[in-house]
Structure formats: structure tokens, C-alpha cells
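Take a look at the structure below.
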Amino acid sequence: MAPKKAKRRAAEGSSNVFSMFDQTQIQEFKEAFTVIDQNRDGIIDKDDLRETFAAMGRLNVKNEELDAMIKEASGPINFTVFLTMFGEKLKGADPEDVIMGAFKVLDPDGKGSIKKSFLEELLTTQCDRFTPEEIKNMWAAFPPDVAGNVDYKNICYVITHGEDKEGE
């Protein structure tokens, strides 16, 4: 009887994480998982993380950083564990902090900006892809500076508050 209860509890635990998100969100997480799972074995490991960082232009990630990321999970990081980890991190999180955190991943040097070309490539090739019209509208609302950099703090503010910061 005990093994059946344990199996039922494990199934309930995994089904609870899927109830935290709607189907669209789950699909977006699945797409993100697939992008990170570089070797397509269904498990995110240290090599997958290293290759993902390299694809984003960050080539000097230390083993300690990667080990710390992997150790955040209780075991191998399959999709259910991945979704659970995000569910736990997002539960009670301020949406502005979450969005800012996502941008900071793309800005390992902490400059507060990212290259327009890099952001445009991500937005047109990954997950919920932007149309050319959406890209045009975004650059009209958030024009890059003369060096081709985009201030993501302002984008984050507008996403979460619906209007530009006054005085910026």
C-alpha cells in the first residue's frame, strides 16, 4: 500500500506544477527547455548550460556557476523539474523583478543595455516570435542609442507599468 501512496503523491506533485500555468505558458516553458537542452536528451545538464551561455555570447562561465545552477534542482532537470523550479521562483515574485531578471541574463556585464541586433534576433527566432510589424513598433517605442544598444530597464518598466518613466 505504501508504494502506491508514494506514486500517487509523486503524480499529484507533478500535476500541481502543471496547474500553476496555463497551456500557453507551459508551451513557452517547453520551448525554453528545448532551447536549453542542447543535446536533446530531455535533461538539462552542465554541458547544456555551458552551450546555452556560449550561444548568448558568454563564453567564460565558471564551473562553479554552472554547478550552483544544477544544484538548485533536487535531481536531474527534466521538463517537470524545470517547470517546478520556475513555478517556485515565480510564486510571489514581482513581475517587474522577473522581467528584469530575464533581461539581466542577456546582459552578463550588467551594462543595463543589450544590442538591438541580438534582441531582435531573439524576438524573431525564439518562442512567441515577433512579426516585422511588431519589431518596427518596438523600435519606434524604444529606439536604440547611436551605438545600437537598447535600454532594457525602460522596456521592463513599460511592460509592467504600461507607460514610460517620467523624466527619462
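Cβ atoms here come from the backbone N, Cα and C positions, even for glycine.
As recorded in Swiss-Prot, the features of this protein are as follows:
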| type | residues | note |
| --- | --- | --- |
| MOD_RES | Ala2 | N,N,N-trimethylalanine |
| MOD_RES | Ser15 | phosphoserine |
| DOMAIN | 24-59 | domain 'EF-hand 1' |
| BINDING | Asp37, Asn39, Asp41, Asp48 | Ca(2+) binding site |
| DOMAIN | 94-129 | domain 'EF-hand 2' |
| DOMAIN | 130-165 | domain 'EF-hand 3' |
Tertiary contacts of the domain 'EF-hand 1' (24-59), as residues 6+ beyond its ends and Cβ separation under 8 Å: 18, 66-67, 69-70, 76-79, 82-83, 86, 105-106, 108, 118, 126-128
Within the domain 'EF-hand 2' (94-129), residues counted as helix, strand or coil by DSSP: 21 helix, 3 strand, 12 coil
Mapped DSSP class for Asp48 (Ca(2+) binding site), helix or strand or coil: helix
Stretch-averaged pLDDT - the domain 'EF-hand 3' (130-165): 86
Lowest local Cβ density among Asp41, Asp48, which the record lists as binding-site residues, within 10 Å: Asp41
Asp37, Asn39, Asp41, Asp48 excluded, remaining Cβ within 8 Å of their centroid (Ca(2+)): Ile36, Gln38, Arg40, Gly42, Ile43, Ile44, Asp45, Asp47
The domain 'EF-hand 3' (130-165), counted residue by residue under DSSP: helix, strand, coil: 20 helix, 3 strand, 13 coil
